[in-house]
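Taken from TrEMBL as is:
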- B:Cys87: active site, nucleophile (ACT_SITE)
- B:His195: active site (ACT_SITE)
- B:Glu197: active site (ACT_SITE)
Amino acid sequence: MKVRVHISLKPGVLDPQGRAVHHALEGLGFKGVEDVRIGRTISLTVADDTNDEQLDEMCRKLLANMVIEDYRIEKVEG
Amino acid sequence: MRAAVITFPGSNCDRDMVVAIERIGGTAPLRVWHGDTALPDGLDFIALPGGFSYGDYLRSGAMAANSPIMREVVKAAEAGVPVLGVCNGFQVLAESGLLPGALMRNRSQHFICRDALLRVENTDSVFTRGYEQGQTITIPVAHHDGNYFADAETLDRLEGEGRVAFRYTENYNGSQRDIAGILSASGNVLGMMPHPERAVDAAHGGTDGKVLFASILGLLEAA
């Protein structure tokens with residue numbers, strides 16, 4: 001089974017990297033960009049019988065830092 | 001005094017830490033590798049050095065926090081052994097849950113390498129008892145991810161319980177409430193971004209870090 005874990009900074013946590021990219025987009029002349037937040041995607045291939053609870057635990061224990069980050073698990077077909 | 005310095009793959013301040021402890025304490029600390037599954041018996045002090053453990057993969061300190069030896073360091077900390085984490089060591093302590101909060105990328109996005117002025121906020125701990133309350137000390141910083149973050153409730157609790165050990169007099173990296181170093185609830189774990197082991201010899205340009213080691217090693221009169 002293929003799984004994608006999307007990790008993003010919690011709302012309210014300052015994202016200096018996102019801010020710098022935001023400025024850069026404006027510098028390139030793109031109008032109307034209101035906000036930029038940068039996260040990461042981790043792609044995993046796991047045994048088909050891996051359950052949601054186990055995936056959740058992987059995220060909480062290692063893949064995301066729950067102090068500053070949220071995560072979303074997406075199961076990819078095929 | 002039996003001290004140990006833990007080395008992770010990518011640690012690069014472990015030797016500096018060893019030299020500082022040996023110079024000040026008179027006895028060379030034991031060296032412990034990240035893959036070891038046991039700590040030496042009867043340790044009085046454990047130091048987690050700076051560097052880039054596991055190449056800062058995933059998040060600074062995240063991989064090291066899950067290495068075999070850290071399970072033992074957590075147990076030792078819970079049993080009351082003083083544990084000092086400097087720079088990457090602080091990141092490891094935060095990732096391991098021994099200290100609250102997280103160290104994020106510096107607000108400026110830049111790696112900061114300079115002398116930092118710190119205000120001593122706590123003089124009760126085993127690490128800071130040799131300093132004077134409110135004293136300003138100079139300790140070098142060298143980090144990319146030193147921007148301390150915790151939610152407001154955690155920050156209030158840290159301040160209310162006197163667990164902010166050091167604050168920057170000028171906020172170099174964006175840290176919440178200028179925090180440079182914090183203590184655990186029990187007071188025997190200190191995480192700090194500045195490098196006291198780089199301020200123990202006149203040739204370093206300053207010796208304000210000496211008192212911290214002398215405090216831990218029980219040698220205040222010698223400092």
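In case you wondered, yes, glycine gets a Cβ from its N, Cα and C as well.
A helical conformation is recorded for B:Glu197 (active site) in the three-state DSSP classification. The Cβ of B:Cys87 (active site, nucleophile) has 31 other Cβ atoms within 10 Å, all protein chains considered.
The 10 Å shell around the Cβ of B:His195 (active site) contains 25 further Cβ atoms across the protein chains shown.
Other Cβ atoms within 10 Å of the Cβ of B:Glu197 (active site) number 31 in total over all chains.
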